[in-house]
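Novice: The structure under discussion is supplied below as C-alpha coordinates; questions concerning it will follow.
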Amino acid sequence: MATPVEPPNGIRTPGKHYYSMWQSLFEIDTKYVPIKPIGRGAYGIVCSSVNRETNEKVAIKKINNAFENRIDALRTLRELKLLRHLRHENVIALKDVMMPIQRRSFKDVYLVYELMDTDLHQIIKSSQTLSNDHCQYFLFQLLRGLKYLHSANILHRDLKPGNLLINANCDLKICDFGLARTSSGKDQFMTEYVVTRWYRAPELLLCCDNYGTSIDVWSVGCIFADVLGRKPVFPGTECLNQLKLIINILGSQREEDIEFIDNPKARKYIKSLPYSPGTPFSRLYPNAHPLAIDLLQRMLVFDPSKRISVMEALQHPYMSPLYDPNTDPPAQVPINLDIDEDLVEETIREMMWEEILHYHPEAAVALLWKLFYELLLVPSRHRP
(Lines of atoms letter the chains of each structure in order from A and count residues from 1; the text may use other names and numbers.)
(Lines give C-alpha, C1' and ligand atoms only; values in the text may rest on other atoms or scores of the structure.)
Protein backbone atom coordinates (compact mmCIF):
# COMPACT_ATOMS: atom_id res chain seq x y z
CA MET A 1 0.00 0.00 0.00
CA ALA A 2 1.19 3.54 -0.69
CA THR A 3 2.09 5.66 2.33
CA PRO A 4 0.05 8.85 2.97
CA VAL A 5 2.34 11.87 3.40
CA GLU A 6 2.12 15.61 3.88
CA PRO A 7 2.53 17.86 0.81
CA PRO A 8 6.16 18.88 0.24
CA ASN A 9 5.55 22.59 0.92
CA GLY A 10 3.20 21.92 3.83
CA ILE A 11 0.29 23.48 1.94
CA ARG A 12 -2.47 21.04 1.04
CA THR A 13 -4.20 21.79 -2.25
CA PRO A 14 -8.00 21.36 -2.07
CA GLY A 15 -9.14 18.20 -3.85
CA LYS A 16 -5.71 16.52 -3.64
CA HIS A 17 -4.15 13.99 -1.29
CA TYR A 18 -0.54 12.87 -1.19
CA TYR A 19 1.20 9.48 -1.16
CA SER A 20 4.75 8.21 -1.26
CA MET A 21 5.42 5.25 -3.53
CA TRP A 22 8.86 3.90 -4.48
CA GLN A 23 10.41 7.18 -3.31
CA SER A 24 8.11 9.15 -5.61
CA LEU A 25 5.45 11.62 -4.46
CA PHE A 26 1.96 11.04 -5.86
CA GLU A 27 -0.37 14.07 -5.87
CA ILE A 28 -3.73 12.35 -6.41
CA ASP A 29 -7.30 13.63 -6.72
CA THR A 30 -9.16 12.76 -3.50
CA LYS A 31 -11.85 10.81 -5.37
CA TYR A 32 -9.28 8.05 -5.95
CA VAL A 33 -8.84 5.69 -2.94
CA PRO A 34 -7.15 3.51 -1.88
CA ILE A 35 -3.82 3.75 -3.66
CA LYS A 36 -1.93 0.47 -4.24
CA PRO A 37 1.34 0.14 -6.19
CA ILE A 38 1.24 -2.13 -9.27
CA GLY A 39 4.54 -1.64 -11.08
CA ARG A 40 7.16 0.74 -12.36
CA GLY A 41 9.46 1.07 -15.34
CA ALA A 42 10.84 3.51 -17.87
CA TYR A 43 7.26 4.60 -18.59
CA GLY A 44 6.64 5.74 -15.00
CA ILE A 45 4.92 4.33 -11.92
CA VAL A 46 1.49 2.66 -11.96
CA CYS A 47 -0.89 2.16 -9.05
CA SER A 48 -4.42 0.80 -8.78
CA SER A 49 -7.31 2.64 -7.20
CA VAL A 50 -11.09 3.06 -7.19
CA ASN A 51 -12.98 6.13 -8.34
CA ARG A 52 -15.32 6.77 -5.38
CA GLU A 53 -17.71 8.75 -7.59
CA THR A 54 -18.26 5.95 -10.14
CA ASN A 55 -17.01 2.89 -8.19
CA GLU A 56 -14.78 2.02 -11.18
CA LYS A 57 -11.46 0.27 -10.66
CA VAL A 58 -8.69 2.24 -12.37
CA ALA A 59 -4.96 2.24 -13.02
CA ILE A 60 -3.17 5.54 -12.39
CA LYS A 61 0.07 6.07 -14.29
CA LYS A 62 2.35 8.85 -13.09
CA ILE A 63 4.74 10.17 -15.73
CA ASN A 64 7.46 11.84 -13.69
CA ASN A 65 9.10 14.94 -15.20
CA ALA A 66 7.01 14.46 -18.33
CA PHE A 67 8.79 17.25 -20.22
CA GLU A 68 12.38 16.35 -19.31
CA ASN A 69 12.75 14.45 -22.60
CA ARG A 70 11.04 16.22 -25.51
CA ILE A 71 10.52 13.02 -27.53
CA ASP A 72 8.84 11.31 -24.56
CA ALA A 73 6.71 14.42 -23.99
CA LEU A 74 5.53 14.27 -27.61
CA ARG A 75 4.66 10.58 -27.14
CA THR A 76 2.51 11.43 -24.12
CA LEU A 77 0.80 14.28 -25.99
CA ARG A 78 0.12 12.00 -28.94
CA GLU A 79 -1.43 9.35 -26.70
CA LEU A 80 -3.66 11.96 -25.02
CA LYS A 81 -4.87 13.33 -28.35
CA LEU A 82 -5.58 9.86 -29.69
CA LEU A 83 -7.26 8.20 -26.72
CA ARG A 84 -9.66 11.12 -26.31
CA HIS A 85 -11.28 10.04 -29.59
CA LEU A 86 -11.11 6.24 -29.36
CA ARG A 87 -14.03 4.17 -28.08
CA HIS A 88 -13.72 0.42 -28.59
CA GLU A 89 -13.95 -2.71 -26.44
CA ASN A 90 -10.47 -3.80 -27.49
CA VAL A 91 -8.71 -0.46 -27.02
CA ILE A 92 -7.76 0.73 -23.53
CA ALA A 93 -9.94 3.58 -22.28
CA LEU A 94 -8.37 6.72 -20.84
CA LYS A 95 -10.87 7.67 -18.13
CA ASP A 96 -9.28 10.81 -16.76
CA VAL A 97 -6.18 12.98 -16.72
CA MET A 98 -5.65 14.75 -13.41
CA MET A 99 -5.70 18.53 -13.47
CA PRO A 100 -2.28 20.04 -12.63
CA ILE A 101 -2.18 22.84 -10.07
CA GLN A 102 0.09 25.11 -12.13
CA ARG A 103 -0.74 25.56 -15.80
CA ARG A 104 2.62 26.89 -17.01
CA SER A 105 5.02 24.97 -14.79
CA PHE A 106 3.56 21.51 -14.11
CA LYS A 107 6.05 18.68 -14.54
CA ASP A 108 4.21 15.45 -13.72
CA VAL A 109 1.26 13.96 -15.61
CA TYR A 110 -1.24 11.52 -14.10
CA LEU A 111 -3.16 9.35 -16.57
CA VAL A 112 -6.14 7.30 -15.34
CA TYR A 113 -6.99 4.16 -17.33
CA GLU A 114 -9.46 1.33 -16.84
CA LEU A 115 -7.79 -1.34 -14.71
CA MET A 116 -6.65 -4.63 -16.27
CA ASP A 117 -5.14 -7.65 -14.53
CA THR A 118 -2.04 -8.47 -16.60
CA ASP A 119 -0.60 -8.35 -20.11
CA LEU A 120 -0.03 -10.93 -22.83
CA HIS A 121 3.74 -10.96 -22.25
CA GLN A 122 3.20 -12.16 -18.68
CA ILE A 123 0.76 -14.84 -19.86
CA ILE A 124 3.11 -16.10 -22.59
CA LYS A 125 5.99 -16.58 -20.15
CA SER A 126 3.78 -18.11 -17.43
CA SER A 127 2.99 -21.81 -16.96
CA GLN A 128 -0.70 -21.14 -17.66
CA THR A 129 -2.00 -23.62 -20.24
CA LEU A 130 -3.33 -21.93 -23.38
CA SER A 131 -5.95 -23.88 -25.31
CA ASN A 132 -6.84 -23.29 -28.95
CA ASP A 133 -9.86 -21.33 -27.68
CA HIS A 134 -7.52 -19.01 -25.74
CA CYS A 135 -5.26 -18.49 -28.78
CA GLN A 136 -8.23 -17.90 -31.07
CA TYR A 137 -9.94 -15.45 -28.71
CA PHE A 138 -6.79 -13.40 -28.06
CA LEU A 139 -6.08 -13.11 -31.78
CA PHE A 140 -9.69 -12.25 -32.58
CA GLN A 141 -9.75 -9.37 -30.09
CA LEU A 142 -6.39 -8.05 -31.26
CA LEU A 143 -7.52 -8.05 -34.90
CA ARG A 144 -10.84 -6.50 -33.97
CA GLY A 145 -9.19 -3.63 -32.08
CA LEU A 146 -6.67 -3.16 -34.89
CA LYS A 147 -9.43 -3.03 -37.51
CA TYR A 148 -11.00 -0.19 -35.52
CA LEU A 149 -7.68 1.69 -35.33
CA HIS A 150 -7.03 1.30 -39.05
CA SER A 151 -10.57 2.52 -39.81
CA ALA A 152 -9.66 5.67 -37.84
CA ASN A 153 -6.59 6.09 -40.08
CA ILE A 154 -4.25 5.09 -37.24
CA LEU A 155 -1.14 2.89 -37.38
CA HIS A 156 -0.21 1.64 -33.91
CA ARG A 157 3.46 0.98 -34.87
CA ASP A 158 4.43 -0.65 -31.57
CA LEU A 159 2.31 -3.77 -31.17
CA LYS A 160 3.91 -6.37 -28.89
CA PRO A 161 2.68 -8.70 -26.12
CA GLY A 162 3.48 -6.17 -23.39
CA ASN A 163 1.16 -3.63 -25.03
CA LEU A 164 -1.83 -5.99 -24.94
CA LEU A 165 -3.58 -5.86 -21.58
CA ILE A 166 -5.65 -8.83 -20.38
CA ASN A 167 -8.15 -9.31 -17.57
CA ALA A 168 -9.36 -12.44 -15.76
CA ASN A 169 -12.13 -12.96 -18.35
CA CYS A 170 -9.48 -13.08 -21.12
CA ASP A 171 -10.67 -9.72 -22.47
CA LEU A 172 -7.87 -8.01 -24.41
CA LYS A 173 -7.22 -4.31 -24.89
CA ILE A 174 -4.55 -2.60 -26.98
CA CYS A 175 -2.56 0.07 -25.12
CA ASP A 176 0.47 2.38 -25.44
CA PHE A 177 -0.19 4.69 -28.37
CA GLY A 178 2.89 6.89 -27.99
CA LEU A 179 4.30 5.79 -31.37
CA ALA A 180 0.96 5.81 -33.22
CA ARG A 181 0.60 7.91 -36.37
CA THR A 182 -2.03 8.66 -38.96
CA SER A 183 -1.48 6.38 -41.95
CA SER A 184 -1.30 9.39 -44.27
CA GLY A 185 1.00 11.43 -42.03
CA LYS A 186 3.57 13.24 -44.15
CA ASP A 187 6.37 12.94 -41.58
CA GLN A 188 5.75 9.39 -40.38
CA PHE A 189 8.48 7.62 -42.25
CA MET A 190 11.33 6.38 -40.09
CA THR A 191 11.59 9.62 -38.14
CA GLU A 192 12.32 7.67 -34.97
CA TYR A 193 12.53 4.21 -33.47
CA VAL A 194 9.41 2.35 -34.58
CA VAL A 195 8.22 -1.02 -33.26
CA THR A 196 10.22 -3.20 -30.90
CA ARG A 197 12.72 -5.09 -33.10
CA TRP A 198 11.31 -8.60 -32.63
CA TYR A 199 7.92 -7.42 -33.94
CA ARG A 200 9.24 -5.12 -36.67
CA ALA A 201 8.13 -5.79 -40.26
CA PRO A 202 10.75 -6.42 -42.99
CA GLU A 203 9.90 -3.12 -44.72
CA LEU A 204 10.86 -1.27 -41.52
CA LEU A 205 14.02 -3.30 -40.98
CA LEU A 206 15.00 -2.49 -44.58
CA CYS A 207 14.30 1.24 -44.08
CA CYS A 208 11.76 1.45 -46.90
CA ASP A 209 10.50 4.98 -47.47
CA ASN A 210 6.85 4.01 -47.47
CA TYR A 211 4.83 1.70 -45.27
CA GLY A 212 1.22 1.22 -44.26
CA THR A 213 -1.18 -0.80 -42.16
CA SER A 214 0.61 -4.03 -43.11
CA ILE A 215 3.35 -3.26 -40.55
CA ASP A 216 0.78 -3.78 -37.78
CA VAL A 217 -0.37 -7.04 -39.39
CA TRP A 218 3.23 -8.35 -39.32
CA SER A 219 3.43 -7.49 -35.62
CA VAL A 220 0.16 -9.36 -35.00
CA GLY A 221 1.62 -12.40 -36.77
CA CYS A 222 4.72 -12.30 -34.56
CA ILE A 223 2.55 -11.97 -31.44
CA PHE A 224 0.35 -14.89 -32.49
CA ALA A 225 3.44 -17.03 -33.12
CA ASP A 226 4.67 -16.10 -29.62
CA VAL A 227 1.35 -17.29 -28.18
CA LEU A 228 1.48 -20.59 -30.10
CA GLY A 229 5.12 -21.30 -29.21
CA ARG A 230 5.31 -19.55 -25.81
CA LYS A 231 8.47 -17.76 -26.94
CA PRO A 232 9.45 -15.09 -29.52
CA VAL A 233 9.52 -16.38 -33.09
CA PHE A 234 12.16 -13.88 -34.31
CA PRO A 235 14.33 -12.89 -31.28
CA GLY A 236 16.92 -10.93 -33.26
CA THR A 237 19.95 -9.46 -31.51
CA GLU A 238 20.21 -6.53 -33.95
CA CYS A 239 18.67 -5.39 -37.23
CA LEU A 240 20.64 -7.59 -39.67
CA ASN A 241 20.33 -10.62 -37.41
CA GLN A 242 16.58 -10.00 -37.29
CA LEU A 243 16.39 -10.20 -41.08
CA LYS A 244 18.43 -13.43 -41.08
CA LEU A 245 16.06 -15.05 -38.59
CA ILE A 246 13.06 -14.04 -40.72
CA ILE A 247 14.60 -15.49 -43.91
CA ASN A 248 15.63 -18.67 -42.06
CA ILE A 249 11.98 -19.37 -41.22
CA LEU A 250 10.14 -17.87 -44.21
CA GLY A 251 12.75 -19.09 -46.69
CA SER A 252 14.74 -17.21 -49.31
CA GLN A 253 12.60 -14.74 -51.24
CA ARG A 254 11.99 -14.71 -54.98
CA GLU A 255 12.94 -11.66 -57.05
CA GLU A 256 9.31 -10.52 -57.31
CA ASP A 257 8.95 -10.70 -53.51
CA ILE A 258 11.68 -8.14 -52.88
CA GLU A 259 10.66 -5.58 -55.50
CA PHE A 260 9.16 -3.41 -52.75
CA ILE A 261 12.66 -2.76 -51.35
CA ASP A 262 13.54 0.64 -52.83
CA ASN A 263 17.07 0.77 -51.41
CA PRO A 264 19.51 -1.06 -53.76
CA LYS A 265 21.93 -1.84 -50.90
CA ALA A 266 19.14 -3.34 -48.79
CA ARG A 267 17.95 -5.46 -51.71
CA LYS A 268 21.52 -6.61 -52.34
CA TYR A 269 21.88 -7.62 -48.68
CA ILE A 270 18.74 -9.78 -48.79
CA LYS A 271 19.95 -11.48 -51.98
CA SER A 272 23.37 -12.10 -50.39
CA LEU A 273 21.96 -14.15 -47.50
CA PRO A 274 22.59 -17.92 -47.68
CA TYR A 275 19.81 -19.89 -49.31
CA SER A 276 17.16 -21.12 -46.87
CA PRO A 277 14.31 -23.48 -47.77
CA GLY A 278 12.41 -22.12 -44.77
CA THR A 279 10.78 -23.94 -41.89
CA PRO A 280 7.05 -24.73 -42.08
CA PHE A 281 5.06 -23.19 -39.24
CA SER A 282 3.32 -26.56 -38.85
CA ARG A 283 6.70 -27.98 -37.81
CA LEU A 284 7.41 -25.09 -35.45
CA TYR A 285 3.97 -25.36 -33.85
CA PRO A 286 2.88 -29.01 -34.27
CA ASN A 287 0.08 -28.71 -31.71
CA ALA A 288 -1.54 -25.65 -33.27
CA HIS A 289 -4.87 -25.84 -35.08
CA PRO A 290 -4.31 -26.21 -38.87
CA LEU A 291 -6.42 -23.11 -39.55
CA ALA A 292 -4.30 -21.16 -37.04
CA ILE A 293 -1.18 -22.16 -38.99
CA ASP A 294 -2.82 -21.14 -42.27
CA LEU A 295 -3.72 -17.69 -40.95
CA LEU A 296 -0.28 -17.24 -39.36
CA GLN A 297 1.53 -17.88 -42.64
CA ARG A 298 -0.73 -15.35 -44.38
CA MET A 299 0.21 -12.67 -41.83
CA LEU A 300 3.95 -13.39 -41.81
CA VAL A 301 4.55 -12.70 -45.51
CA PHE A 302 7.79 -10.90 -46.42
CA ASP A 303 6.28 -8.72 -49.17
CA PRO A 304 3.84 -6.29 -47.48
CA SER A 305 1.67 -6.07 -50.62
CA LYS A 306 0.98 -9.82 -50.36
CA ARG A 307 0.34 -9.83 -46.62
CA ILE A 308 -3.24 -10.44 -45.50
CA SER A 309 -5.18 -7.35 -44.33
CA VAL A 310 -6.87 -7.07 -40.94
CA MET A 311 -10.32 -7.36 -42.52
CA GLU A 312 -9.26 -10.41 -44.52
CA ALA A 313 -7.80 -11.96 -41.37
CA LEU A 314 -11.10 -11.49 -39.52
CA GLN A 315 -12.91 -13.19 -42.41
CA HIS A 316 -10.45 -16.12 -42.41
CA PRO A 317 -12.03 -19.50 -41.47
CA TYR A 318 -10.05 -19.52 -38.19
CA MET A 319 -11.71 -16.25 -37.12
CA SER A 320 -15.09 -16.46 -38.84
CA PRO A 321 -16.83 -18.38 -36.00
CA LEU A 322 -16.20 -15.36 -33.74
CA TYR A 323 -16.48 -12.47 -36.17
CA ASP A 324 -19.75 -10.65 -36.85
CA PRO A 325 -19.23 -7.56 -39.04
CA ASN A 326 -22.64 -6.20 -38.02
CA THR A 327 -21.45 -5.72 -34.43
CA ASP A 328 -18.12 -4.23 -35.41
CA PRO A 329 -18.64 -0.69 -36.75
CA PRO A 330 -15.65 1.39 -37.90
CA ALA A 331 -14.46 4.52 -36.12
CA GLN A 332 -16.85 7.43 -36.62
CA VAL A 333 -14.26 9.79 -38.08
CA PRO A 334 -10.60 9.51 -39.14
CA ILE A 335 -8.23 10.97 -36.57
CA ASN A 336 -5.42 13.36 -37.42
CA LEU A 337 -2.35 12.81 -35.25
CA ASP A 338 0.06 15.05 -37.14
CA ILE A 339 2.11 16.92 -34.53
CA ASP A 340 5.13 19.08 -35.29
CA GLU A 341 8.14 17.06 -34.09
CA ASP A 342 10.07 20.29 -33.42
CA LEU A 343 7.70 21.75 -30.82
CA VAL A 344 9.44 23.33 -27.82
CA GLU A 345 8.70 22.30 -24.22
CA GLU A 346 6.44 25.27 -23.44
CA THR A 347 4.25 24.57 -26.47
CA ILE A 348 3.99 20.85 -25.69
CA ARG A 349 3.01 21.68 -22.09
CA GLU A 350 0.31 24.11 -23.26
CA MET A 351 -1.07 21.59 -25.78
CA MET A 352 -1.13 18.94 -23.06
CA TRP A 353 -2.97 21.34 -20.75
CA GLU A 354 -5.59 21.87 -23.47
CA GLU A 355 -6.00 18.10 -23.80
CA ILE A 356 -6.41 17.74 -20.03
CA LEU A 357 -9.18 20.37 -20.07
CA HIS A 358 -11.34 17.98 -22.11
CA TYR A 359 -11.56 15.77 -19.00
CA HIS A 360 -12.42 18.73 -16.75
CA PRO A 361 -15.21 20.78 -18.37
CA GLU A 362 -15.76 22.69 -15.12
CA ALA A 363 -12.17 23.96 -15.29
CA ALA A 364 -12.59 24.88 -18.95
CA VAL A 365 -15.73 26.90 -18.13
CA ALA A 366 -13.97 28.64 -15.23
CA LEU A 367 -11.10 29.54 -17.55
CA LEU A 368 -13.49 31.02 -20.11
CA TRP A 369 -15.16 33.17 -17.43
CA LYS A 370 -11.75 34.35 -16.22
CA LEU A 371 -10.79 35.39 -19.76
CA PHE A 372 -14.18 37.09 -20.19
CA TYR A 373 -13.74 39.19 -17.03
CA GLU A 374 -10.19 40.09 -18.03
CA LEU A 375 -11.47 41.34 -21.39
CA LEU A 376 -14.14 43.40 -19.63
CA LEU A 377 -11.51 44.99 -17.40
CA VAL A 378 -9.12 45.94 -20.21
CA PRO A 379 -11.07 49.03 -21.43
CA SER A 380 -11.51 50.38 -17.87
CA ARG A 381 -7.75 50.51 -17.34
CA HIS A 382 -7.42 52.92 -20.21
CA ARG A 383 -10.26 55.26 -19.27
CA PRO A 384 -9.24 58.89 -18.48
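Glycine residues also receive a Cβ, built from the backbone N, Cα and C atoms like all the rest.
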Novice: Among Lys16, Lys57, Lys61, indicate the single residue that Swiss-Prot lists for the ATP site containing Ile38, Gly39, Arg40, Gly41, Ala42, Tyr43, Gly44, Ile45, Val46.
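Specialist: Of the residues offered, the record points to Lys61.
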Novice: For Asp158 (active site, proton acceptor), identify the closest of the binding-site residues Ile38, Arg40, Ala42, Gly44, Val46, judging by Cα separation.
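Specialist: Nearest by Cα distance to Asp158 (active site, proton acceptor): Ala42.
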Novice: Measuring CB to CB from Val46 (ATP binding site), give everything in the same chain under 8 Å that is also at least six residues away in sequence.
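Specialist: Sequence-distant Cβ neighbours: Pro37, Ile38, Gly39, Arg40, Ala59, Ile60, Lys61, Lys62.
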Novice: Are there any residues in the same chain, six or more apart in sequence, whose C-beta is under 8 angstroms from the C-beta of Ala42 (ATP binding site), and if so which?
Specialist: none
Novice: Taking the Cβ of Arg40 (ATP binding site) as the centre, how many other Cβ atoms fall within a 10 Å radius?
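Specialist: Here the count is 16.
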Novice: Tell me, by DSSP, whether Gly44 (ATP binding site) is helix, strand or coil?
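Specialist: The three-state answer is strand.
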Novice: How many angstrom lie between the most widely spaced Cα atoms of the ATP binders Ile38, Gly39, Arg40, Gly41, Ala42, Tyr43, Gly44, Ile45, Val46, Lys61?
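Specialist: The span, Cα to Cα at its widest, is 14 Å.
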Novice: Using the recorded ATP site (Ile38, Gly39, Arg40, Gly41, Ala42, Tyr43, Gly44, Ile45, Val46, Lys61) as reference, state which further residues of the same chain have their Cβ within 8 Å of the centre of those residues' Cβ atoms, listed in sequence order.
Specialist: Lys62
